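K.L.:
Below, the features straight out of Swiss-Prot:
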type    : residues                   : note
BINDING : CYS9, CYS12, CYS15, CYS54  : [4Fe-4S] cluster 1 binding site
BINDING : CYS19, CYS38, CYS41, CYS50 : [4Fe-4S] cluster 2 binding site
DOMAIN  : 1-29                       : domain '4Fe-4S ferredoxin-type 1'
DOMAIN  : 31-65                      : domain '4Fe-4S ferredoxin-type 2'
Amino acid sequence: MALLITKKCINCDMCEPECPNEAISMGDHIYEINSDKCTECVGHYETPTCQKVCPIPNTIVKDPAHVETEEQLWDKFVLMHHADKI
């Protein structure tokens, strides 16, 4: 499941540089997460770094519109970072 940045976002710029998949970018009003790139940090870290660094609780949550299993997130990570070795 990809993550989603809610309207609680204060545009503090903490999450964007921490994303190892470059899935976070500035949207029209707040930061947004590209669900095609978000692996919830599977393959990189045990927990999503964007959630760790966000100063506002419950601002970055699981996106119910993009449900993925741990295996699907892993496969996405492998395709993005190790496709040349497949």
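Glycine residues also receive a Cβ, built from the backbone N, Cα and C atoms like all the rest.
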K.L.:
Within 8 Å of the centroid of the Cβ atoms of CYS9, CYS12, CYS15, CYS54, which other residues of that chain place their own Cβ, given that this set defines the recorded [4Fe-4S] cluster 1 site?
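P.N.:
So the additional residues around the site are ILE5, ILE10, ASN11, ASP13, MET14, TYR31, CYS50, VAL53, PRO55, ILE56, THR59, ILE60.
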K.L.:
Using a Cβ cut-off under 8 Å, which residues of the same chain at least 6 positions beyond either end of the domain '4Fe-4S ferredoxin-type 1' (1-29) come close to it?
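P.N.:
Tertiary neighbours of the domain '4Fe-4S ferredoxin-type 1' (1-29) are 35-41, 44-45, 48-56, 58-68, 73, 77, 80.
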K.L.:
Could you check which of the binding-site residues (CYS38, CYS41, CYS50) sits closest to CYS15 ([4Fe-4S] cluster 1 binding site), going Cα to Cα?
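P.N.:
That would be CYS50, nearest by Cα distance.
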K.L.:
Tell me the Cβ neighbour count for CYS54 ([4Fe-4S] cluster 1 binding site), meaning other Cβ atoms within 10 Å of its Cβ, over all protein chains shown.
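P.N.:
Excluding its own Cβ, CYS54 ([4Fe-4S] cluster 1 binding site) sees 21 Cβ atoms within 10 Å.
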K.L.:
Starting from the Cβ of CYS38 ([4Fe-4S] cluster 2 binding site), draw a 10 Å sphere and report how many other Cβ atoms land inside it.
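P.N.:
Cβ-Cβ neighbours of CYS38 ([4Fe-4S] cluster 2 binding site) within 10 Å number 24.
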K.L.:
Which is it, of CYS41, CYS50: the one of these binding-site residues whose Cβ has the most other Cβ atoms within 10 Å?
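P.N.:
Per the Cβ count, the most surrounded site is CYS50.
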K.L.:
If we count other C-beta atoms within 10 Å, could you say which of the binding-site residues CYS9, CYS12, CYS15, CYS19 has the fewest?
P.N.:
CYS12
K.L.:
For the C-alpha pair, I'd like the distance in angstrom between CYS12 ([4Fe-4S] cluster 1 binding site) and CYS19 ([4Fe-4S] cluster 2 binding site), rounded off.
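P.N.:
CYS19 ([4Fe-4S] cluster 2 binding site) has its Cα 14 Å from the Cα of CYS12 ([4Fe-4S] cluster 1 binding site).
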K.L.:
Excluding CYS19, CYS38, CYS41, CYS50, please set out which residues of the same chain place their CB within 8 Å of the center of the CB atoms of the [4Fe-4S] cluster 2 site, keeping sequence order.
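P.N.:
Once CYS19, CYS38, CYS41, CYS50 are set aside, the remaining close residues are LEU3, CYS15, GLU18, PRO20, ASN21, ALA23, ILE24, ILE33, THR39, GLU40, PRO48, THR49.
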K.L.:
Over the span of the domain '4Fe-4S ferredoxin-type 2' (31-65), count residues by DSSP class, listing helix, strand and coil in order.
P.N.:
5 helix, 6 strand, 24 coil
K.L.:
To the nearest Å, how far is the Cα of CYS54 ([4Fe-4S] cluster 1 binding site) from the Cα of CYS38 ([4Fe-4S] cluster 2 binding site)?
P.N.:
16
K.L.:
Sorry to bug you, but what's the C-alpha spacing from CYS9 ([4Fe-4S] cluster 1 binding site) to CYS38 ([4Fe-4S] cluster 2 binding site), rounded to the closest Å?
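P.N.:
A Cα-Cα distance of 18 Å.
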